[in-house]
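What TrEMBL says about this one:
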ACT_SITE  Glu188  active site, proton acceptor
BINDING   Asp50, Ser51, Asp89, Lys119  3-methyl-2-oxobutanoate binding site
BINDING   Asp50, Asp89, Glu121  Mg(2+) binding site
Amino acid sequence: MIADTVKKITTHTLRQMKAAGEKISMLTAYDYTMARLLDEAGVDVLLVGDSAANVMAGYETTLPITLDQMIYHAASVVRAAKRSLVVVDLPFGSYQEDARQALHSAVRIMKETGAHGVKLEGGEPVIEAVSRIVSAGIPVMGHLGLTPQSINQFGTYAVRAVEEKEAERLLQDARLLEQAGCFALVLEKIPAALAGQVTTALHIPVIGIGAGRDVDGQVLVVHDMLGMNQAFKPRFLRQYANLQQIIQDAVRHYVTDVKERKFPGEHEQY
Ligand SMILES: Nc1nc(=O)c2c([nH]1)NC[C@@H]1CN(c3ccc(C(=O)N[C@@H](CCC(=O)O)C(=O)O)cc3)CN21
Ligand SMILES: CC(C)C(=O)C(=O)O
Ligand SMILES: [Mg+2]
C-alpha cells in the first residue's frame, strides 16, 4: 500500500525535535473525522484531552468524564491517526488513589485504544504513579501549572506560579517528572519566563498552552483555535478561523432552503 509510507511520529522523534530546535505542534482531538483532518494537515501530536468533558459533553469542568468515555474518544482518534502520536488524558479519579490504580487505568487505555501514551496532571503527589506506568513500558506526559482537575482547590482558571515559591515548586516538580521517566511535559497558563526556565532545565520536550514561546511546542484545544465558540477567548488563544460563523451561515442557509422548498432540487432527488 502506497499510503503506508508515512513516517510515524514517536516519543523519540519529539526528543530529536527538541534537540534540533524544531517546534512541536499538538492539538486536541476527540473524534475520528477531526483527527483525520488534523493528522493529514501535519499535526505532530493529537491529545485526546479530558477537555472532551467541556467541548464534547458540555460539562462545566473536566471532572465528570469517565475512563470508559475517554477510551471511546481515544479509540476513534487512533483509527484516524496515520502519522500523529496519540496521547490520552487519564481522567480525574482514574489515577489519584495509588500507583496500582494509575497503572491499571493506563493499561486499559493502551489495550483498548491503541494510543501511544497517557498524560496525567500534577507533580510530587503523582511521581510514584508515573514511575509505575513508565516501568510497564507506557510513555507518560506530565502536566503542570493550571491543572483543571484541581479546579475545586483553586477556584479559578487564573494564571499559575506567579509567586516565587510556587514557581520554585513547579520547577522542582518538572525535574521530578523528568526523573520519573516522563517523555514530555505540558505547562498550562504560567508566566512565559518560568516556562522558558523549565524548558532549558529539562531534556524532555516541554509543550505550552498559555506558557509563552520559549517552550519546545504548543498545544491548543482544536475547537478553540478554529473559533467554534466565539464566547471563549482567553488571552493565550489565537483563533485561526471563525468556524462558528461559517457553520452557522451554512446551517441558516440550509434551514431557509428547506423552508422555502429550494432544497432538494431537481438534480438532488431520484
Ligand atoms: N474549550 C476548552 N479549552 C481549553 O483550553 C480547556 C478546556 N476547554 N477545558 C480544560 C481546560 C480548562 N482550560 C482553561 C479554562 C479557562 C481559561 C481562562 O483563561 N479563562 C478566562 C478566565 C480566567 C480567570 O479566571 O482568570 C480567561 O478569559 O482567561 C483558560 C484555560 C484549558 N482547558
Ligand atoms: C489543554 C490540554 C493540555 C488538556 O489537558 C486538555 O485538552 O484536556
Ligand atoms: Mg486535560
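Using N, Cα and C of the backbone, Cβ positions are placed for all residues, glycine too.
Projection of TrEMBL feature records onto the structure.
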| residue | record | DSSP (3 states) |
| --- | --- | --- |
| Asp50 | 3-methyl-2-oxobutanoate binding site | coil |
| Asp89 | 3-methyl-2-oxobutanoate binding site | strand |
| Lys119 | 3-methyl-2-oxobutanoate binding site | strand |
| Glu188 | active site, proton acceptor | strand |
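Looking only at the binding-site residues Asp50, Glu121, the densest Cβ neighbourhood within 10 Å occurs at Asp50. Spacing of Glu121 (Mg(2+) binding site) relative to Asp50 (3-methyl-2-oxobutanoate binding site) is 11 Å (Cα to Cα, whole number). Of the chain residues outside the 3-methyl-2-oxobutanoate site list Asp50, Ser51, Asp89, Lys119, Thr28, Leu47, Val48, Gly49, Ala52, Thr62, Met70, Val88, Leu90, Pro91, His143 have their Cβ within 8 Å of the site's Cβ mean position. In this view, Ser51 (3-methyl-2-oxobutanoate binding site) is surrounded by 20 other Cβ atoms within 10 Å of its Cβ, with every protein chain counted.
Note: the Cα of the residue listed as 'active site, proton acceptor' and the Cα of Ser51 (3-methyl-2-oxobutanoate binding site) are spaced 13 Å from each other. Of the listed recorded positions, namely Asp89, Glu188, the sparsest CB environment within 10 A is found at Glu188.
Not one of the binding-site residues listed as Asp50, Lys119, Glu121 brings a Cβ under 6 Å of any atom of ligand 1.
With a cut-off of under 6 Å between the Cβ and any atom of ligand 3, the recorded positions Lys119, Glu121, Glu188 reduce to an empty set. Taking a C-beta cut-off of under 8 Å and a sequence gap of six or more, Lys119 (3-methyl-2-oxobutanoate binding site) has these contacts in its own chain: Leu47, Val87, Val88, Asp89, Leu90, Val140, Met141, Gly142, His143, Val186.
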